[in-house]
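Peer 1: Sharing a structure below in structure tokens format, with a few things to ask.
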Amino acid sequence: MILHIENAVEPGTLDAIVESLRNEHFTDGIETAGRAAKQVKNNQQLRLQNDKPAALLMLLNHLKKNPLFSGVTFAKQFVNVMVNQYQTNQEYGLHVDDALMGHIRTDISFTLGLSPIDDYQGGELVIEDTTGERSWKLGSGDLLVYPSHYLHHVNAVRAGERLAMVGWIQSHVRSAEQRELLFDLKCSMSEELDQRGKTHQYDRLSKSYNNLLRHWAE
Ligand SMILES: O=C(O)CCC(=O)C(=O)O
Ligand SMILES: [Fe+2]
């Protein structure tokens, strides 16, 4: 399941954090690319290392508070987080994210847009599955969460600059299919609770949700 969440981080907070990121030193994205990805990765990045830069950690902490994000990821740990910067004519060609980062499995990838949508042209995040491609142009605060197993790329930025936070998560629930099933059940629970209250149906759904999670969580 690919989930697009708008306004994942409150706009005022986001703007202040992004402003402070501007003082940070970005390095060549090629540093963390594997042998093949090196041939197609053309951007700059800012990595979260030993709790620095603090602004990036702050951004991550705000993101973690989004209920939809936690409901869909079942995050066990954030394996890696960074900010990507693409200037005009920069792109990240087709690749699949590494399955292991620092010996930890990556189950879910995400991108949080940090640039207002009108500040850049091109720069869509494109994900490929067996049926073809789908692309998302992310604005400030727009979040895309997707299973790490897809081939994907970022189209060249034709004008302006695209800034985005990207990250990888190890999930308590390894299978994307199981996560989707749990997410659907959770949505049904919320709907039932909102519309009819804590009915017997709600209790049954909650029992199924929690017992499936107990089966699958690792
Ligand atoms: O910038 C993005 O939206 C995604 C970048 C990406 O695919 C990566 O860093 O592996
Ligand atoms: Fe990627």
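Glycine is no exception: its Cβ is also placed from the backbone N, Cα and C atoms.
Okay, these came from TrEMBL:
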type: DOMAIN; residues: 77-171; note: domain 'Fe2OG dioxygenase'
type: BINDING; residues: HIS95, ASP97, HIS152; note: Fe cation binding site
type: BINDING; residues: ARG162; note: 2-oxoglutarate binding site
Peer 1: Can you tell me how far the Cα of ASP97 (Fe cation binding site) sits from the Cα of the residue listed as '2-oxoglutarate binding site', in Å?
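Peer 2: The separation of the Cα atoms works out to 20 Å.
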Peer 1: Measuring Cα to Cα, how many Å separate HIS95 (Fe cation binding site) from ARG162 (2-oxoglutarate binding site)?
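Peer 2: For HIS95 (Fe cation binding site) versus ARG162 (2-oxoglutarate binding site), the Cα atoms are 19 Å apart.
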Peer 1: If you count Cβ atoms within 10 Å of the Cβ of HIS152 (Fe cation binding site), leaving out that atom itself, what do you get?
Peer 2: 23
Peer 1: Check ASP97 (Fe cation binding site) against DSSP and tell me helix, strand or coil, would you?
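Peer 2: Looking at the DSSP assignment, ASP97 (Fe cation binding site) belongs to neither helix nor strand, so coil.
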Peer 1: Can you tell me the CA-to-CA distance separating HIS152 (Fe cation binding site) and ARG162 (2-oxoglutarate binding site), as a whole number of Å?
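Peer 2: Given the Cα positions, HIS152 (Fe cation binding site) is 17 Å from ARG162 (2-oxoglutarate binding site).
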Peer 1: Per DSSP, what is the residue count of the domain 'Fe2OG dioxygenase' (77-171) in each of helix, strand and coil?
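Peer 2: Summed over the domain 'Fe2OG dioxygenase' (77-171), the classes give 3 helix, 61 strand, 31 coil.
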